[in-house]
Amino acid sequence: MRLPESQVAVLNAASATDERTIAQLAEATDQKPETVTGAVFDLRDEGLVSVTETTEESVELTDEGVEYAGEGLPEVRLYRAALDAGDGDAVPMGQVIGASSLGGPQVDIALSNFARKGYGHIDSGELAPDADADPDADEEAAALAALELGESVDGDVLDQLESRNLVVRHERTIRAVTLTDEGVTALMEGVEAAETVDRLTPEMLTSGEWEDVEFTEYNVEADAPEARGGKKHILRQTADRVKDVLTGMGFAEMEGPHADADFWINDCLFMPQDHPARTHWDRFALDVPPMEDIPEDLIDNVRDAHLNGVGEDGDGYHSPWSEDFARAIALRGHTTSLSMRYLSGHEVGELEPPQRYFSVEKVYRNDTLDPTHLLEFYQIEGWVMAEDLSVRDLMGTFEEFYSHFGITDIQFKPHYNPYTEPSFELFGRHPETGELIEIGNSGMFREEVLRPLGVECDVMAWGLALERLLMLMYGFDDIRDVHGTMCDLDLLRETEVLK
Amino acid sequence: MPVVDVQPDELRRLTGHEDKSDEEFKDDLFALGLEFEGVTDDGAFQLEFGPDRLDRLSVEGVARSLRYQYGDARGVSVPNTNDPDWTFVVDDDVPDERPYVTGAVVRGVDLDDAALDSLIQLQEKLHATMGRKRAKGAIGIHDLTMLKGDVLSENASGNSITYTGIEPDGDTFVALDSNDELTPAEVLEQHATGRKYADLVSEYDRYPAIYDEIGLFSFPPVINGRRTEVSTDSRDLLVELTGTDQWTIDRMCNIICYALAARGATIEDVEVQYETGTVTKPDFEVETKHVSHDRIETVLGVELELDEVIDLFERSGLDANAELGEETVYEVSIPPYRVDVLHPLDLVDDVGRAYGFNDLEPRYPDVGTVGQRHERSRLEDAVRTSLVGLGFEDLLNFHMISEGENYERMDVEVGSEYLGGGEPASITEPYSEDYTMLRTWVLPSLTMVLENNTHRAYPQDLAEIGHVAHRDDDENTRVAEARHVAAVLARHDATYEDAKARLAALCRDFDVELETPATDHPSFIDGRTAAVVIDGEEVGVVGELHPKVIVDHDLELPVAAFEFDLSSLA
């Protein structure tokens, strides 16, 4: 019979008549107890040994127990201090506690046990030690001392010490092994150790040696060293998901400059030049010369819309309009600047309806930095161009989009934007919390936006911060942990991937 | 978005719905687009709404909208006005920058504390919104009995006040919340309100001033005089507004007159005597706009009866006459307190709100289009996938950075030929010293991430494909924008070879030819730095980061890195 080396050793060390414990076998075979245990179970499964299990209780002093065994129980120390301080008379508690050098929680422990064990009385803040008490006969102290010497102790006192958290009791299983008849027979017939190997080597495979070896067993449940690969940033994953949904819905992606003229960022959008959002507080103006190349007819159309409105009954804003301001360059506050460039026909040529376009790109706003707001964030922007679009088409499109993120029960709250009419704030039901949450801003572009760009049909549009979607759907609560140089690498490494 | 504080009891009184509960009001207000944000210390609702319906900046305006919603009011209503007794004379000396004035006389007001609070709130909110913080329009409200009108001429019976301009030290008066006789210039220096609004007039040669026979009583747009201060005892008021645009101040005036008329006051016209002629104010002219039945049906996506549309208009506080013809068109009358109707489509929105947008059935638009990613975004995504496959953690950093981080800490000089040395596209008025420009390259961001994560496990192999930009006046936007691929390997045994091996693997993935001729770059160690040359063009740099850059970022291990232009992989 060939068995692994560890099993051969155990078999040789075991006896058919005397029980041997695992510890004894480990010592006899010079192997680790866990190796012996593994070998014993394998031998039992082969029917070569039998195993009996008994439980044994052991008692161990806690840190507190060790301390009291050395320095004495707090109540005893208190009693002795009280005796010393007052010669048997009642003494103010503070004085005794000071003299006893008890501190912190030990004071309370001492006081409660002092009375319980009849070391005296506590009355009106004074300690009256009982001169007849005998601390040397304290059962608990004696038990602690015995336990420290490794002696056993009677059950009641042990319960008492356990309730004071001075000892802990452990139960452990003692396994004892004896050879079965089969084991004896096998030994008599001869048992050889099979050759065991740690690693399968190329040489073993080519020589055929692998056929004669036993592989050492691994502890397959043990932790392996950490392996780490890279992964896409969680916000990129979210953006990819959004892009998948939108391309699936027939939207094509836009691309364009981050730094742009205010003309494209705001004026085309029919944002009045004295609108609060266009003041220097909200805007990241760049220290560069103004943009020269903007089609003149477009400037004229946009200026006219601002000053005089669009159509026979249209009114303009009662605000001045400056071409210099329009040509000034800033970081875009929204990606609607891209929509304006595309709709104007100056980006990819004149567009004929129907069209669907989107972008998931960065915008810059001077917001207060907090867990949910950064100076830079990703805006999801989308629009649909078609003849005779209605509010119902807008609602249907958004219901479809948000359903892919599990957001249902979309509500449309009438809203105001300078560039859309009608306009709606979008609210939806969170898939997990059930809360009604704001999920975007939308509307039909005004004629004052579209006609100057040369668009004669309808365009509906919406926008939403990608970070908001990430936080709503995937439960991040501080966006600064993932976006920007203050990010936490561990968080990024441990973040679950999007499915 | 504007917020207006509204006492629910006032709302009950002004709407006549004494039995409405607070909760019912909240629901009704939400349906109007007024969102309940909380209550003030004295129990008023704080209501937030879009900045279009500025006629709702007072409890009177909110109550009016509710009355239309409840069907208690229908169509356009215009207060009757009495004939003018007072004239505003506009003097030649009025500052050119602020030439316009308007106003009204309001008689028989009954101002209890709540009404006075509401009037003051309305004035402040109009200043903040339409008035563009008083720059475009400023309101002064005075106790009429404290004014003594100049006699206009021997033949005329009426009273007059004069809007003029004076030298900054040309006269004195006692301003509100003050006991001192001060000149306008002194008000700007010494009075709290004066200091707050000093910027509005400090560049003017002459300061705006309004006089009656007794003397200077208002210094618009800064502060009124104490003499004419309005209190709960005031019965007759004089309202004056000055500004840079006649239409704007006329509409602000209308909103105030409508609010006071809602409390039973009588509006009396005033005459404004400009050099070019005399006009009567307030301007309560009802404007009309035209919108077709078809357009309404198209926008809402439902079919509607003519009567139904007229009913919806009237419930919105508008009047509509249907002009039947080949195409049915409504002539819609718009009350003079509305400031948001620029285009007939704004009237369609009113119809939609009255109809109830949420009662519309959503439908997916039946138009076919082809979806696709942009070429650049596909390329970026493909490179990112390769980098992640090579074991890099994909990062996302800000595009804005400080000059110190972008140049100095990397030991690169502004305007140098090296990668990252381009001229900055700087923010004109940065709000934070951490974000003063657009980054010219990505490695400073990655090095900062390493700096902020020294307590995390190594190796730290990080990569970013990100936006970079530098000033370039030849570009139409004056900014040259690009995407760079950058990576760092921070590990105890990182070498040039580690960086180059991964760079080479990336180039193989994209079937481009990589060469790495020796070069120098101040952020890297001399002799361990190469130019990244892809298909014959120099597009970046690869090497071992210089120890002074490493130490400056508090790192204690070598870092190998590369950065190059994404478009070279296209």
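Positions of Cβ are set from backbone N, Cα and C atoms, glycine also.
L-phenylalanine binds A:T336, A:Q379, A:I380, A:E381, A:Y419 as TrEMBL records it, and from the list A:F284, A:F445, A:F476 the residue named for this site is A:F445. Highest local Cβ density among the binding-site residues A:Y419, A:F445 belongs to A:F445, counted as other Cβ atoms within 10 Å over all protein chains shown.
Taking all protein chains in view, 22 other C-beta atoms sit within 10 angstroms of the C-beta of A:Q379 (L-phenylalanine binding site). Note on the domain 'Aminoacyl-transfer RNA synthetases class-II family profile' (A:242-494): mean pLDDT across this stretch is 91. With A:E421 (Mg(2+) binding site) as the anchor, the candidate binding-site residues are A:T336, A:Q379, A:I380, and the one with the nearest CA is A:T336. Using a 10 Å Cβ-Cβ cutoff, A:E381 (L-phenylalanine binding site) registers 22 neighbours. Contact annotation for chain B: of the listed binding-site residues (A:T336, A:Q379, A:Y419, A:E421), A:E421 place their CB atoms under 8 A from a CB atom of that chain.
Across the residues annotated as binding L-phenylalanine (A:T336, A:Q379, A:I380, A:E381, A:Y419, A:F445), the two Cα atoms farthest apart lie 18 Å from each other. Under the DSSP three-state reduction, A:F445 (L-phenylalanine binding site) is assigned to strand.
Under the DSSP three-state reduction, A:T336 (L-phenylalanine binding site) is assigned to helix. Annotation for A:T336 (L-phenylalanine binding site): spatial neighbours A:I265, A:L269, A:E381, A:Y419, A:A461, A:G463, criterion Cβ-Cβ under 8 Å with sequence separation of six or more.
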